[in-house]
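To start, the structure under review is shown below, and the notes come after it.
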Amino acid sequence: MKRLFVITAFFLFGAEAQNSVIDAAVVNIFGNASEYIPPGYEIVTKAPLGALTALPRCGTGADQGKKVCIVYHRCDGVTNTVTPEEVINTTGEGIFDIRENANECESYLDVCCGLPEGGVLPTPSPTPPVVPVLKPSFCGIRNERGLDFKITGQTNEAEYGEFPWMVAVLKANVIPGSGEEQLVCGGSLIAPSVVLTGAHCVNSYQSNLDAIKIRAGEWDTLTEKERLPYQERKIRQVIIHSNFNPKTVVNDVALLLLDRPLVQADNIGTICLPQQSQIFDSTECFASGWGKKEFGSRHRYSNILKKIQLPTVDRDKCQADLRNTRLGLKFVLDQTFVCAGGEQGKDTCTGDGGSPLFCPDPRNPSRYMQMGIVAWGIGCGDENVPGVYANVAHFRNWIDQEMQAKGLSTTPYVE
């Protein structure tokens with residue numbers, strides 16, 4: 001009997017140990033199981049909207065007061081009626097005007113939606129589990145028309161989810177309403193657990209990593225009504241280029257290693273990186289960011305991610321233009337910089353240091369490569385005064401070496 005007990009116990013504890021090994025392997029590959037979402041699925045973490053009768057009423061004419069204001073993805077686009085929380089409309093292509101809300105609802109992301117008969121939501125019919133189709137993951141894919149909806153009436157606002165690689169580097173312990181600036185810098189996602197940003201942004205945080213965090217998938221900083229939530233991560237290491245000069249901002253590049261990988265979603269993806277020494281010549285590059293003073297601001301329309309289209313400026317012209325400024329005739333543009341802009345009223349001058357400058361891939365214009373990192377400039381949006389950016393192509397080999405030294409794959413910013 002004792003022998004049988006020992007054998008049984010051996011199998012029980014052996015199975016438990018084996019399961020632990022398997023669980024550890026799963027976590028190693030996918031991250032925490034609670035964070036892993038297979039492609040084709042999503043987790044909605046929004047708070048319940050409450051009873052329908054408590055929602056603001058809307059409607060015009062005969063429907064006046066018979067409809068309710070509800071977030072856009074809770075309204076069926078075909079029947080124009082409210083759906084249960086378990087059913088989320090992800091196929092709508094609404095057009096929202098962020099300047100004038102003509103649908104009577106307080107938020108531009110709310111719609112005036114009809115109530116089901118009797119005011120009671122139908123119980124969703126059970127459906128068999130859907131086996132997700134694994135879609136290939138590509139870097140540099142821009143959602144030009146946005147996700148779910150397209151906005152009108154904008155002034156340089158990006159569409160929702162337009163640039164999935166955009167990341168905000170934030171102070172971790174800002175008290176809401178304190179007036180303290182929350183945004184430290186911008187950045188770009190180059191791998192699930194790696195953010196590329198400017199060294200000048202994070203140099204002072206190397207010994208105080210708990211003071212900052214990153215946020216990916218953000219768009220409008222004053223609402224969480226978007227269908228896809230943003231994701232935040234802590235930073236476990238800051239890697240600054242060893243030759244970074246804080247006084248001249250030469251070699252202004254840094255990598256932020258996250259405490260765990262971000263989960264890929266339609267609003268979160270990576271940007272492609274250029275080959276070493278690659279040169280860009282394009283009028284269709286973009287820079288994006290919120291602006292340090294505008295992030296989370298209550299000033300109207302300043303809370304949505306901005307974009308600005310900029311032309312590249314070749315090195316000789318950029319240096320000549322900058323010599324006409326207070327820099328003087330002896331100024332020499334370091335090879336670690338590239339230039340863009342120089343058009344009246346178009347510049348990255350709102351405190352968006354570390355944010356990406358990206359251009360169409362010359363071999364595949366439907367994808368984007370990161371040309372630069374917002375570094376410095378003279379004035380703001382003046383004619384013939386280009387903005388200056390860290391030259392990402394100059395640092396490609398350095399980025400690869402740092403990634404490989406940490407055992408991280410370079411594939412997410414190549415394919």
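Cβ coordinates are placed from backbone N, Cα and C, and glycine is handled just like the others.
As the structure is a computational prediction, the values presented were derived from the model and not from experiment.
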Disulfide partner of Cys285 per Swiss-Prot: which of Cys185, Cys201, Cys359, Cys380?
Cys359
Member of Cys69, Cys75, Cys139 annotated by Swiss-Prot as disulfide partner of Cys113:
Cys75
Cys139 has a disulfide partner in Swiss-Prot; which of Cys58, Cys69, Cys201, Cys272 is it?
Cys272
Starting from Cys58 (disulfide bond), work out which of the disulfide-bonded residues listed here (Cys69, Cys105, Cys113, Cys272, Cys318, Cys359) have their Cα within 10 Å, and give them in sequence order.
Cys69, Cys105, Cys113
Report the nearest neighbour of Cys272 (disulfide bond) in space among the disulfide-bonded residues Cys69, Cys105, Cys112, Cys285, comparing Cα positions.
Cys285
Can you give me the Cα-Cα distance between Cys105 (disulfide bond) and Cys139 (disulfide bond) in Å, rounded to a whole number?
37
Out of Cys58, Cys359, give me whichever of these disulfide-bonded residues has the highest number of other Cβ atoms within 10 Å.
Cys359
